[in-house]
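According to TrEMBL:
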BINDING   Arg72  pyridoxal 5'-phosphate binding site
BINDING   Arg94, Ser95, Gln102, Arg343  substrate binding site
BINDING   Lys302  tRNA binding site
MOD_RES   Lys314  N6-(pyridoxal phosphate)lysine
Amino acid sequence: MLDINIKGTIPKNMEDRGLHILSDNLGEIENILNQRKMPKKGLSDEKIELLLTFLSNMDTDKDPKAIRVGEREARISSEIHKKLSSNFCHGIGRSGNLVDPQPKAPGASAMYALTNKLLESFLKNLNVNVNALATPVSTGMSIALCLSALKRGFLVENVNKNVNKNKDTKIATNITTNITKKQYSKYDGANVVIYPYASHKSPIKSTSFAGMRMRFVETQLSDRDDCVEIPVEDIISATEKELKAGNNPVILSTLTFFPPRRGDDIEEISKYCLENNIPHIINGAYAIQNHKYLDKLKKALKYRVDAIVSSTDKNLMTPIGGGIIYSKNKDFLREVSLTYPGRASATPIVNTFVSLLSLGMDKYTQLMKEQVITKNLLDDLLIDLANKTGNTKLNVDSPIASCITTQKDPVDVSAKLYNLRITGPRGIKTTDHFGNCYMQNYKYNYVVMNASIGVKESDVNNAVDRLSKVI
Ligand SMILES: *Cc1c(COP(=O)(O)O)cnc(C)c1O
């Protein structure tokens, strides 16, 4: 198609050599298109841009012969828009379904499908075998999409017919012919979200955004360590209460959270959800970056997990604005995609695409290793600081974040850190029920700090050094 005809302009042996080099360089791009897998070694920015240029030049707004008389023709007022959208001015999706190919945008549609393939291969390399959907919205809104899909009701494959004892389950009568071979049941309109309490406003707002009611399950102080946690029995009992009242509950569990809040026992919750045909969404906002979280996800995925939601910025180092929804249940992902109202900006998808291609598996694995090392450093430094200042490093359960007590006002401590140009620490008072995720008074005033993917040892060294001056 691209005929690089330089015949006769230079000596033949040079021509051959030049075309050979070009072919090797374009080969990297061809490999991505042919294999549709996360590359082992990341691509250079130049090659990624070239690939984006090829793809975006397939969209109809680039058709030099097109006659455009629609109400939406990707007309742009400034060339800056091209840069900002990587030239995918038509966006992605077809009103009412994100993943449906957009006739005006063959290139963007292919780019999106490729991104989802790359994501699946990325997760598979991390031993998580799932279907994946990149979303053009962040974690909270992605959770809202999942809840909204559950609210509409959807068809689920009956993984285990024997345990399908929930009286609310009806065998769907209007299933389409291509899926009649498997047995499907219909989960009718989820209307209440069982939420083991984690004090993040996004999931709470996701629920109200989806037009559903939320039933909180309260945290308790652990008798094992300094964590606050929610016994699975309490989650089950809250769910049973809603079932008894004739409602259709869905459980929204949280895997990743600021300590002292412990991540929910997603494996046990998933078992219960499978046995009782309860939909289950996991908020794994920053779960992909650490193997402790990934192992938990893997175990839960053996049972009932309708979807896991993660952030692209927290895990893949994109600008904020994208999400990843993944699940073994491809049909459910399609339902989620169908829930999105309208067409979407291609940019958050391009961001995900670019991160996957530029990182490559090698770099990501390396970053994961560095995250673990830096988190250990953070722990060591905090233990040291605690010993020197008569404080305690809390015995909490997080592969990302650590807590240290303070005898001063912790809010004041974190404000001082902010003024010392440190972003990220949270200072929480014993009486801060929201910050503690705990309705009673927590045992300590504390400061929490994160060593999440991409963090440098110097960040942790400097942060703890400045903390030592204000704690
Ligand atoms: C970051 C985070 C969110 C919100 O994510 P957005 O991408 O801002 O919507 C929700 N829940 C948890 C546990 C988070 O860490």
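Yeah, the Cβs are placed from backbone N, Cα and C, and that goes for glycine too.
Quantities reported herein were computed from a predicted structural model and do not represent experimental measurements.
Can you tell me where each of these features sits in this structure?
In the three-state DSSP assignment, the secondary structure recorded for Arg72 (pyridoxal 5'-phosphate binding site) is coil.
Contacts of Gln102 (substrate binding site) defined by a Cβ separation under 8 A and a same-chain sequence distance of 6+ are given as His90, Gly91, Ile92, Gly93, Arg94, Ala108, Ser109, Arg343, in order along the sequence.
The C-beta environment of Lys302 (tRNA binding site), restricted to residues of the same chain at least 6 apart in sequence and closer than 8 Å, consists of Glu267, Ser270.
Secondary structure from DSSP puts Lys314 (N6-(pyridoxal phosphate)lysine) in a helix.
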Roughly how many Å lie between the Cα atoms of Arg72 (pyridoxal 5'-phosphate binding site) and Ser95 (substrate binding site), rounded to a whole value?
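The Cα atom of Arg72 (pyridoxal 5'-phosphate binding site) is 12 Å away from the Cα atom of Ser95 (substrate binding site).
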Out of Arg72, Arg94, which of the binding-site residues has the smallest number of neighbouring Cβ atoms within 10 Å?
Arg72
Could you measure the widest C-alpha to C-alpha distance across Arg94, Ser95, Gln102, Arg343, the residues recorded as binding substrate, and give it to a whole number of angstrom?
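Max span of the substrate binding residues, Cα based, is 9 Å.
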Could you name the residues, excluding Arg94, Ser95, Gln102, Arg343, of the same chain that surround the substrate site, i.e. Cβ within 8 Å of the Cβ centre of those residues, in sequence order?
Gly91, Ile92, Gly93, Gly96, Asn97, Asp100, Gly342
Can you tell me how many other Cβ atoms are located within 10 Å of the Cβ belonging to Ser95 (substrate binding site)?
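There are 11 such Cβ atoms around Ser95 (substrate binding site).
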Far apart in sequence but close in space: which same-chain residues, 6 or more away, have a Cβ under 8 Å from Lys314 (N6-(pyridoxal phosphate)lysine)?
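Spatial neighbours, sequence-distant, of Lys314 (N6-(pyridoxal phosphate)lysine): Thr139, Ala285, Tyr286, Gln289, Ser452, Ile453.
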